[in-house]
Amino acid sequence: MFFHHSPFLSHPALTVTERERERGYTVITKSPPTHQPKMPAERKPMRYAHPDGYTGVCFDESGRFIVTGGSDGDIRIWESLDDDDPKSINVGEKIYSLALRNGMLVTTVSNNIVQVHSFPEGLPDGILTRFTAEVNHVVFNTSATSVAAGSSDFMVKIIETKDNSQQKTIRGHEGPILSVAFDPKDLFLASSSCDGTVCVWKIADQTRVASWPLLTKFNEVNRATSICRLEWQPKIGKLLAVPVEKVVKLFERDTWENTDNLSDESIMMPLNVVSWSPCGGYVAAGSIDGSMVVWNVQTRKCIERFQHEKTYRICAMAWHPSKESIAYTDAEGNLGLHEGVLASAGSKEQASHSNAATFEDLFDEEDSDLLTKGMNLSPPSPMKQPLVDDDDDYDGDDDNVMAIVNRSRHNRAIEDDNSNDIGSSTQLEKMDSDDDDDDNARTTVAQTAPTVVGYSGPVPTPQQKPFQPCSTPSYLQHRFMVWNSIGIIRCYSDEQDNAIDVEFHDTSVHHAIHLSNVLNHTMADLSHEAVLLACVKTEEVPSTLQCIHFNSRDANKEWMVDMPNNENIEAICLGQGWAAVSTNAQIVRIFSIGGVQKELFSLMGPVVAMSGHGEQLLISYHRGTGFDGDQCLGVQIMELGRRKRQILQGTSLPLTRKSYLMWQGFSAEGTPVFADSEGIIQMLNRSLGSTWIPILNTRDHCKGKSDYYWVVGIHENPQQLRCIPCKGSRFPPTLPRPTVTILPLKLPYCQTSSEKGQMEEQYWRSVLFHNHFDYLAENGYEFDETAKHQALKEQQELLMKMFALSCKAEREFRCEELTEFMTQNVLNLAIKYASRSKHLTLAQRLSNLAQEKATALLTVQDEDDFQADPKASYRRAVTKWSSQVQPPAQNSIEKEEGSGEDVLNNAEGDGNNELDPEETVHAKKTLFRCCLTTLYVTSGGISPALVGNHARNTNILDSMAKINKKASSNNSQSASNEKSLLLKPLVSKPKAKQIQATLFQPANSKFSSKTVEEKAIEAPSVQSIIPDNNNTENKKPKKTGFQLWLEESRADIVAESPGLSEEEIIKEGMNRFRVLSSEERKAWTEKAKRSGSINNMPDAEDAQKRKRVEELHEDNLESKDENSEAPGSLAKKQKQQHVSTNSRLAAFAFKKE
């Protein structure tokens, strides 16, 4: 290409002509470097790399890969920031620091070790050293022959990579080590510590050379304001850069003096990390508020400033080995990249040192080398204008010169990420060919530079890998394969031994087992019946399932199954009589405990974990892709017994935000439970639509941020979590043997510091953890009936306490809400408490609610009886029971007064009576309802007409004071009756039809006018006509089977519940007596008959005497009633008859000896 050599071009002082300014072209020469505009670095959109926590970053030596490590224990290898599928290597539970050099990837993980993996394969290559606390920082020396690591145990170790036995330990710091840095000449080592000092040590003899008190003192690394990642200047090691507050202090080698400080007004918070460029001419620093600054060390001036998108703390920074790029990570686990950081600084330096003084020197090179010289040309004018103006007064060659330069710049502006190198000959040739083909292409210029289009929405979360609950990571040489309520399975895989040990907590179940791990099993489960083992697929062997069946009667108790070639086992579990396996083909295979293949089915996503308990199978799987650190997991619960059914399917697992599944399983009682990485334990609540409820936050019991609890099991009764505390790690070591700790369960209710909140939490926790009784009863399992009744008693006591607390706070509506959960007896106590605490309106409303509840209870029982057998009601009409409950009017008094003992004997007698089993059940229920009605009326002071509407209009508790006054002045029997609530049989009139009509029907309006005080006073005068002593000495009342059983069991009931009253003892006895089998109840009935036939032999004369005494007493009562209140005598007689019938039926059920 020929250019016209003119005086204008050869003049060194001229830089831009007026004509060229009009066209928008700028040609930079040696003399005015200040005219060059600054080109800012390009910031790439950040990528999610790891969960929140410390995240390290570095480049490999070639600069091809970006390597990150985070709190999830994974190392990720990125080919670029746009890599959507980085390679992931799990090296531990949590990574504190990483370093990469010469194909060796060194990491410090949560079990206090420094380990090596091959890069990029990720194969374990041994452990370099161990500490007694977490290792906070690790670095290579320049030659990669040594590694330095600093720990929270105040020590720094220098280890040879080829022979880790060659170690040097540096002691002298009085706090946890924050960071370490090797001198490039391997003479010195610098370290920073939480004791507030920065020290320089001589490696040869581990002596301290210099020390500066620069930092704030802290007790723990997690509490430190800055991690103070100091670093030596590369190659020469002349300067040591230390981030201190808002400046970077530079200390000179040998003199150890602070020669200079690098600062910038944009830095508002303390600096966290510094990083030198590979050439040693620039220093980059990142602060805790996301600010990043780059300085030129020679000029001490800031050349670049960056700000984090969300002002997160900068954890680590790394320079590209050859390019002008900086990779950085933040405390939320994100990865970022700045490209072209030194573009403007490099152009200035090159411009200032350029030897080209004329345009002839500038254009002596080939066109393809124009952009390889570091020439930065200003952008063209945004206006559309021709590159070559035919009307110019200047020579066309001058225009051609400008056109070439502008065309080169234009080509660079429109390059995308997929184009060839900028300024290459290929691009220039392509541009020239385009110009030849299309003349119009040369007449336009791009108006604006293209914008980089990036995704700024939610970032997908890497899916959690499958794991075995109650197991430690598989990469450990000594690990727990499972630890559950049955026993422990350990695996030892080292150079000396590769074996599996099975240990049982109860040695009476089975002796310990030692197995040779020939197949390299990595998964295991243990139950009372078998040990289940599984290995992954290798090139030599397929994925294999092995089972050792203890209860097998065969000589060989083991069986093995190979998976198909395209399947790899990812999760296993054991249940009662079955084993389950899940593979990477999303198939779940069910085997019998003896090795028979049974059902198989497909999962709706990749499996995460499986657990078994009895007939239940719990599976968690990925039901979708999570975003922003959240896992999207689903849960499936099945029953694999005789009736196979699906309990839950496709339901989401409610993990805590930005957490993953850590443990899943069942409680000892069979309720599904899981735990996430944030320490939240959640349990399935079957009574609330199979929802999950948090029952404990283990983080509340941790002393430090790096402490965790490793879950082993959970019990609902007692309410406790069995776990192992882990300091500085998420899982325990095998040696020494860990100690199991018990944590109490607690629901996250509000205001638990107050008395009200505490009782509410206790009540609902008791309800939740006793729901398993209902599940066990529905599925035919055995359970402790006494424990169920005890739990019900505790719940009712808590309700009564909350009721009393609400009454004191004048919260009557809250009191009514609490009564919805009370039983009938506790509701009666609540009514009494409300009346005595002068909440009479509340007492009246509660009495109405009690009547409605009792009516509803009777209605439900009748419906249940009818649904059980609709024909039973017709058969009952002709039985003895129906004739005794509703006797005809012409029956004699003796038939009407047939004792309740005879009824119960008929109901519980042998096959000679006239009642079939269905009628017997109906007789017992009817008897119980009558007794319940009588107890409710007598203890609560409510009108006998239980369902009558007139009871709503009478305040039944307003007159308690009046009753006491009358009792004290007129009637001593009334006082004795108030002291004892024991019910005794009452004498009744021979008007059965009228009595039965008033029992369950509303009373007449004129009867309701009688006050409650008069009824309460008259009741004692009707009670207990007891025979004289002469008769009672020769004749004892006939006892029933229940009474005989209660006499022998009374001591046990009182011992278990010493605070029960007499009525409560009888009720508890009735509940327990019902639980007995029919054979046992029949035996007690026969025993009662035999004892009655011997002791109770009443003759006709005694019966006639008792009859005459009762008639005489009734006549006296009638005469008294006529003298006192003649108009209302009929109502009184009917009322006495009513009470007498109910009381007589209740007496034999609650009879006291």
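Each residue, glycine too, has its Cβ placed from N, Cα and C.
Predicted automatically and left uncurated, TrEMBL annotations should be read as such.
Here is what TrEMBL says about this protein:
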type	residues	note
COMPBIAS	388-400	compositional bias 'Acidic residues'
COMPBIAS	880-892	compositional bias 'Polar residues'
DOMAIN	1035-1090	domain 'HMG box'
REGION	373-466	region 'Disordered'
REGION	879-917	region 'Disordered'
REGION	1085-1153	region 'Disordered'
REPEAT	47-79	repeat 'WD'
REPEAT	170-211	repeat 'WD'
REPEAT	274-305	repeat 'WD'
**Prompt:** Against which stretches of its own chain does the repeat 'WD' (274-305) lie, if we need a Cβ under 8 Å and a gap of at least six residues from its ends?
**Reply:** 40-41, 225-226, 229-236, 239, 241-243, 246, 248, 250, 260, 262, 264, 266-268, 311-314, 317-322, 326, 328, 330, 338, 341-342, 344-345
**Complete:** Counting only residues at least 6 beyond its ends, the same-chain positions whose CB falls under 8 A of a CB in the repeat 'WD' (47-79) are 86-102, 105, 107, 109-110, 117, 119-120, 122, 315-323, 327-337, 459-462, 473, 628-629, 658, 660, 677
**Counts of helix, strand and coil residues, the repeat 'WD' (47-79), according to DSSP** = 0 helix, 15 strand, 18 coil
**Fill in**
Residue counts for the repeat 'WD' (274-305) under DSSP, helix then strand then coil, are 0 helix, 20 strand, 12 coil
**Request:** Could you break down the residues of the domain 'HMG box' (1035-1090) into DSSP helix, strand and coil, giving a count for each?
**Result:** 43 helix, 0 strand, 13 coil
**Complete:** Over the repeat 'WD' (47-79) the mean pLDDT stands at 92
